[in-house]
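J.: Have a look at this one.
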Amino acid sequence: MNTRWNRQRASRMPSHRYRDVYQRVDVPNTDRAWPGNRITRAPLWVPVDLRDGNQALAEPMDPARKRRFFELMTGMGYKEIEVGYPSASQTDYDFVRLLADTDLAPDDVTIVVFTPARRDLIERTVESVRGIRNDVVIHLYTATAPTWRTVVLGHDRASLKELILSGARDVLRAAGDLPNVRFEFSPEVFNLTEPDYVLEVCDAVTEIWQASPNRPVILNLPATVEIATPNVYADQIEYMHRNLARRDSVILSVHPHNDRGTGVACAELAVLAGAERVEGCIFGNGERTGNVDLATLALNLHAQGVDPMIDFSDIDEIRRTVEYCNRIEVHARHPYVGDLVHTAFSGTHQDAIKKGLAEHHARAAETGVPAHELDWRVPYLPIDPADLGRDYAAVIRVNSQSGKGGIAYLLENEYGITLPRRLQIDFARRVQDHTDGSGHEVTATELWRLFETAYLQPNPAITVSRFENSADEHTSITLCVDGIEQTSTHTGIGPVEALTAALGEHGRKVDIVALYQTSIGSGNGSEALTLLEYRTDSGTQWTAGRDRSVLAASLTAVVNAA
Ligand SMILES: CC(=O)SCCNC(=O)CCNC(=O)[C@H](O)C(C)(C)COP(=O)(O)OP(=O)(O)OC[C@H]1O[C@@H](n2cnc3c(N)ncnc32)[C@H](O)[C@@H]1OP(=O)(O)O
Ligand SMILES: CC(C)C(=O)C(=O)O
């Protein structure tokens, strides 16, 4: 082996300590089917922001915040919402009572409440939901993994199973006769529990609860602390999917956390492996590194052409509400919602996006399909920001990494000015000098100021005192050059040519290479902008002229060139 490429040495990190973290368990070998599957429809989504998200906040939500978050979720279209841990706090209990006593919860929304396997807490939980007209899910949980059994709960496999089954019986006794109530069980830390044991416990719970297709039981299998690659979780879920008793009477649910940063991948692979329901938090709040991010999951489906069944069409309003309720800011790079996720600073990306957007609008015009319904092919933007209620203002931003395409895009977008390619190159060089010097981003306004400084400086030495031209191309011009006034007449040539001829008579020869017309702004208030390339001894240069009249803008550009 070439040692040049083999320089990595063992670090001082004590990684060996984690080889057997939490007594990692083996997953039975399966003839796995999930790698070949595709997600073709949205799973059932269950936001747990008001419970798992809330329990992770330094300042848990007050009643007003809980209510606002709940209204946001129902407005977005969530149909099953975990609203709290009513036996744990009075705020949570009162919120459930609020749902019982008001019509805050739309009829088609199922209310989920969470409880440990302790009789007093189960009874309090059931008490909290009495009188709710909506469907209700009572969600019972107990940790099942070896370290939790021995270190936290002080049970062996058999006695822990008995504790869970006794909790399941308590739930059935307290709420079994309520017709609108269904049950959910979570073997907390499922992903670190021996598969045979967790299967045995789950089957015993569904038996006690008499799971049936008409009253299915939710089995929710959490990756409470994410410690393995997502394929391991997928294998664990597929094992349960294939081996659970009463499978047609079970809704298989997952609840990934994000300790390794792969919560989203875990959820997606779990759905491929047979999960039908996903619990998580909008934008991924939750214990430690958070619960799986339901917004990313939903929008990943959207980005693959699958309807997520949840409305993200005003993502910034959703974000503002979530930030207000959680008192935690969403990161600028957060998928789909961060401030910078639809922005390109780098030149080649900007160039590709600019071309992609132009192609998109041209195709819309050609086909007659509205731009917001047309198939999306814009490079570097996986989805159209407009789907999320965003405009294109933030798509391209300019700094020292940017190129001519992005600069031209900003001027075109903000000022309606179309720059010819050679002027784009010239101007980009000037912008680059500026951004390299300052190290900062430049806004469209600042770009326009740079443009004015570079190309729209009036020529103090020359004044056009009089300019008269008639329809038969007869032009009379009075020029004042360096204080000397002189009148000349020109016949048979256009006005621009006439002016260059007059300037030539003053010894101010202008050799025009190209002249372009564009405008600043649009509509009645717009101004004409003439962009002029002219030859000098050291090569070609650019200048410009602006005025309400196209002719005056062109004359100014010629005078500036002189
Ligand atoms: C992965 C998750 O998200 S799980 C949910 C975690 N959420 C929360 O803890 C938020 C709300 N919790 C609380 O308000 C409190 O912890 C309460 C009211 C539930 C219990 O409070 P306390 O009675 O003071 O107990 P405390 O929290 O100190 O300890 C938990 C006790 O419950 C036991 N326990 C923990 N989980 C469970 C469970 N699922 N089922 C039964 N017992 C449990 C523990 O072994 C411990 O018992 P011990 O006191 O005999 O050692
Ligand atoms: C108990 C379950 C649902 C949970 O919150 C977790 O494991 O994180």
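Even glycines carry a Cβ here, placed using N, Cα and C.
In case it's useful when we look at the structure, here is the feature table from TrEMBL:
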DOMAIN    43-316  domain 'Pyruvate carboxyltransferase'
BINDING   Asp52, His255, His257, Asn291  Mg(2+) binding site
REGION    458-562  region 'Regulatory domain'
J.: Across all chains shown, how many C-beta atoms besides its own are within 10 angstroms of the C-beta of Asn291 (Mg(2+) binding site)?
T.: 29
J.: State which of the following binding-site residues has the fewest other Cβ atoms within 10 Å around its Cβ: His255, His257.
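T.: Least crowded of the binding-site residues His255, His257, by Cβ count within 10 Å, is His257.
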J.: Identify all same-chain residues not among Asp52, His255, His257, Asn291 whose C-beta atom falls within 8 angstroms of the centroid of the Mg(2+) site's C-beta atoms; report them in sequence order.
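T.: Near the Mg(2+) site, the remaining chain residues are Val48, Pro222, Thr224, Pro256, Gly263, Glu279, Gly280, Cys281, Gly286, Glu287, Gly290, Val292.
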J.: Which chain-mates of Asp52 (Mg(2+) binding site) that are at least 6 residues away have a CB under 8 A from its CB, listed by sequence?
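T.: The answer is Glu82, His255, Glu279, Cys281, Gly286, Glu287, Asn291.
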J.: By the DSSP assignment reduced to helix, strand and coil, which category contains His257 (Mg(2+) binding site)?
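T.: Note: His257 (Mg(2+) binding site) is in a strand by DSSP.
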